[in-house]
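**Q** Would you mind keeping the following structure in view while I ask a few things?
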Amino acid sequence: MAVAIAAARVWRLNRGLSQAALLLLRQPGARGLARSHPPRQQQQFSSLDDKPQFPGASAEFIDKLEFIQPNVISGIPIYRVMDRQGQIINPSEDPHLPKEKVLKLYKSMTLLNTMDRILYESQRQGRISFYMTNYGEEGTHVGSAAALDNTDLVFGQYREAGVLMYRDYPLELFMAQCYGNISDLGKGRQMPVHYGCKERHFVTISSPLATQIPQAVGAAYAAKRANANRVVICYFGEGAASEGDAHAGFNFAATLECPIIFFCRNNGYAISTPTSEQYRGDGIAARGPGYGIMSIRVDGNDVFAVYNATKEARRRAVAENQPFLIEAMTYRIGHHSTSDDSSAYRSVDEVNYWDKQDHPISRLRHYLLSQGWWDEEQEKAWRKQSRRKVMEAFEQAERKPKPNPNLLFSDVYQEMPAQLRKQQESLARHLQTYGEHYPLDHFDK
Amino acid sequence: MAVVAAAAGWLLRLRAAGAEGHWRRLPGAGLARGFLHPAATVEDAAQRRQVAHFTFQPDPEPREYALETQSPLPRNFEMGQTQKMNLFQSVTSALDNSLAKDPTAVIFGEDVAFGGVFRCTVGLRDKYGKDRVFNTPLCEQGIVGFGIGIAVTGATAIAEIQFADYIFPAFDQIVNEAAKYRYRSGDLFNCGSLTIRSPWGCVGHGALYHSQSPEAFFAHCPGIKVVIPRSPFQAKGLLLSCIEDKNPCIFFEPKILYRAAAEEVPIEPYNIPLSQAEVIQEGSDVTLVAWGTQVHVIREVASMAKEKLGVSCEVIDLRTIIPWDVDTICKSVIKTGRLLISHEAPLTGGFASEISSTVQEECFLNLEAPISRVCGYDTPFPHIFEPFYIPDKWKCYDALRKMINY
C-alpha cells in the first residue's frame, strides 16, 4: 500500500520535471521499508488514460522530435572543499577533522610516497621484478579510507595502496609481498603490489581489470543480507570502467539494491591511453544516473572533498541499501608501472604541473600549516623518520628467504588433489637430481 | 491440371508438416486441417522427429551407498523416504535442502524467480523469500562475478547460467578469478562456497546454442571442479556435494534428462563424493567411460556387445571431470586392456583426449588396442543434422567391435 502511494507520488512528480531533477528529488527512505525507492512500473494499468503504459519506462509522451544532446561541454561539477593552496573555500563544508586524524591522513600519504620512491628504485636495481607507484593519487586513497569503518570491505584494482597504509598495514608486509619472501601472506604467488589482507578487510588484488566490480556488488549483497552494517567499497580506474564487468557491476548494484560505493579514480590515463580515447561521454560519474545510481564527481586531490563524499555515501548506502558512485578526478603523476615510460605519450610539463601545482600532499600540508599543526621542523624530522622506517623494512625484506617451493602446489583447491600431489612429488624428485640448476639457495628449505 | 498438382503438392507438404507437428506454421494451414490424415504410415514415422538416442536407465534399487565423509569409517547410506523425481525435480530438492540447512545460501540468475526456464527453482522463492531466490539482469559475467563476491564473504552462492552455451561471457570470472582466488591470495580469501549450475548437452533440437557440452574448456583450469550427473539420484547427491564443497564448482545438468529421467530419490539431503568415478557395471573385456546422458548410451552399447559379440564391458560414469578419478579408470583398463571413451563434445581437445593421454601413460603395457574416442564431430552443434552428429550407440558399438577385433 505504502509502495503504491509512493509510486503515485513519484509519478506525479515526474510530470514536467527533467530526469536529472527527478534524481535530485529522490528522497532517501528509511532502512526497513520493503523497497527503498518507489518502483516505477507498478502504476495502475488504465487503458482509458492517454498516458504511456509501457512497462519499460516511466515517462510522458512528447510530440516534438528531439535527440537528447549528451552534455560534455559542461559536465557534472567537481566538488571540492579546499583550494589548490589548501584553504577551505566554504567553511560549512569543512569536516573539522581532529588534529590526530588529519595528521594520520598526512603521514599515510607521505609514508606511501616514500615507500613508492624506494620500491620503484629497487625495481630499477633489479631487486624486485615490478612495481607500481601511487604518485598523485594518495588523496583518493586516504580520503576515502578515513571515511570508512575499519571493517568495511575493500575491493581494489591495483593503485590503492594508500588504503592499506591508512589501515596500518605494516611496511614489512608491503615489502614481503613485493619481494615474495617468506613473510608474504600471499605466499609469493603474485607479482608485486598485488596486496591482500584479511585482517584489514582488503581483498587480494588481481591483475585482470574491473573483475572486482561485480564481485564487490555480490559482497555488498551478502553484507546486506547479514545485516552487517557494513559497506563495500570498490575502487577502479576510468580505463577499467570501460570493461563489461563495470557495466555488469553497476547494473546489478542498482537492481539488487546493494550497499556499495563505486569509487572511480579518474587519473587521466590508462597506461598511454588518455581519457579522450577512453570515453566520449562526461566521464564516469555521468554513467551513474543511467543505471539509477546516485553519483558525484569530486576533486580527488582534495582529501577533505574525498572524505566528505565518501562519508556521506557510506552513511546512505548502508541506511538505504543503494549504490553510490564517486568519480574522483586526479592525475597519475608516475608512470603506469616500472614497465612504462610515460614520456613516450605525455609531456614533462604536464606532469610537472600536477606535481607542483595540484598535489594532494602539498594541499593538505598547507592546511596543516595554516592550522598550526605542522611546521618545517616536523616535516624534516618526519621525512627522515619515514625514510628510515622504509629502509629498515626494505633491508629486512631483502634478506629474508623465499618460501618453500612446495607452496607452489598448495591452495589450488582447499585440499590437494591426488594428481597434483603426484606432480609435487615429481618436482621434488627432479630437484634431487637437477637441483643445482635452480635457485634453491634463496628458498626456504 | 496444374491447379490439382499444386494442390496435391501443397497437401503432401501439409501432411509431412503435420507428421512433424509443424503444420500450424504453414500458410493456410488452418484451412487445411480437415485435409490432414492421421499420421500412421511408415513414411510419416520416418519424417517424424527423432526419438531420443538413449534410454534412461535408473540405477537398480534399493541402493546402498558407502559414503566417505570426514569420519575415517565409511558410512552406509540408507535411502530413507523417497519420492519419484525427474532430474529437474531432484535439482529443486537439492536446492530446497540447501536453503533449508544454510541460512546464507542464495540462488540467482536469469528467470530463476518464477521457477526457471527448466523449472528447477519452482516454489523456492515463495518458500525462502525474494532476498534468497532472485532474478539478476541478463549478464552472465555479472552473475558469476556477483556470485564470487557473495562467496568471498563466506555466504553460499548458487548461480544459474541459463544454458551452458552462454557461460562464455563468464569465462574470465570463472578461470581468472574464481579458480585462482584461494591460490593467489595465499588462502587469505576464497570463493569456495560458489556453485554454478547450468543446463548442458544435446536435447534433440538445440542446435549450436542450446546443446553444447563445454566441460573441456574448464577441464584445463586448475582450481575449479566440474561435475556432471547421469540421473536424478546422482544429480541431487552430487549437487549437494558441490554446494558444500569448499571450492568453486560448476555443475552441468543434462537438459535432455530433465524430464526423460525419473526415479526414486530421497527427500532428505545426502552427498555423493566428488572426484570419484562409479563403476556402474563390472566387466572384463572392455572399459567404457562416459558422463551425463552418454552413460545411458554406453550402457546400452554394453548390452549390445554382450548380446551380439559375447563381450563383457565395464561401464564407468566419470561424474567429476576435474579433478578426475584417474585411479578407477586405470584400474579398470589394467583389468580389461581396452578403453572406449565417449562424449557429445567435439573430438579435438575434448575431455576424452585427457583421459586417453593419461591412460596410455599409466597403462601402456596393459593396452590390447588403441584407446577409442567416440565423440561429436569437430563442428558446431548442428540443428537438423543432430542424429548424424551425436556419438550414438551404433557408432560406439562399431568402435567397440573394431577394438575387440584389433
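Here the Cβ of each residue, glycine as well, is placed from N, Cα and C on the backbone.
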**Q** Just to confirm what the record says: which one of A:S47, A:S337 has phosphoserine annotated in Swiss-Prot?
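**A** Matching A:S47, A:S337 against Swiss-Prot annotations yields A:S337.
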**Q** Same Mg(2+) site as A:N267, A:Y269 according to Swiss-Prot: which of A:E238, A:E243, A:E312?
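**A** According to Swiss-Prot, the candidate sharing the Mg(2+) site with A:N267, A:Y269 is A:E238.
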**Q** Can you find which of A:R265, A:R314, A:R363, A:R365 Swiss-Prot lists as binding thiamine diphosphate at the same site as A:Y158, A:R159, A:S207, A:G239, A:A240, A:H336?
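**A** Answer per Swiss-Prot: A:R265.
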**Q** Listed in sequence order, which of the recorded positions A:S206, A:S339, A:K380 sit with a CB under 8 A of chain B?
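**A** Of A:S206, A:S339, A:K380, the entries that lie near chain B are A:S206.
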**Q** Measuring C-alpha to C-alpha, could you say which of the recorded positions A:Y158, A:A240, A:H336, A:S339, A:S347 are within 10 Å of A:S206 (K(+) binding site)?
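**A** For A:S206 (K(+) binding site), the recorded positions whose Cα atoms are within 10 Å come to A:Y158.
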**Q** According to DSSP, does A:Y269 (Mg(2+) binding site) sit in a helix, a strand, or coil?
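**A** Reduced to three states, the DSSP call for A:Y269 (Mg(2+) binding site) is strand.
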**Q** Under a criterion of Cβ-Cβ distance under 8 Å and sequence separation of at least 6, what residues of the same chain contact A:S337 (phosphoserine)?
**A** A:F130, A:Y131, A:M132
**Q** Taking only the residues the record lists as binding thiamine diphosphate, namely A:Y158, A:R159, A:S207, A:G239, A:A240, A:R265, A:H336, what is the largest Cα to Cα distance between any two of them, in Å to the nearest whole number?
**A** 17
**Q** Hey, of the binding-site residues listed (A:Q212, A:N267), which one tops the CB count within 10 A?
**A** A:Q212
**Q** Over all shown protein chains, what is the count of other CB atoms within 10 A of the CB belonging to A:P208 (K(+) binding site)?
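**A** Its Cβ has 16 other Cβ atoms within 10 Å.
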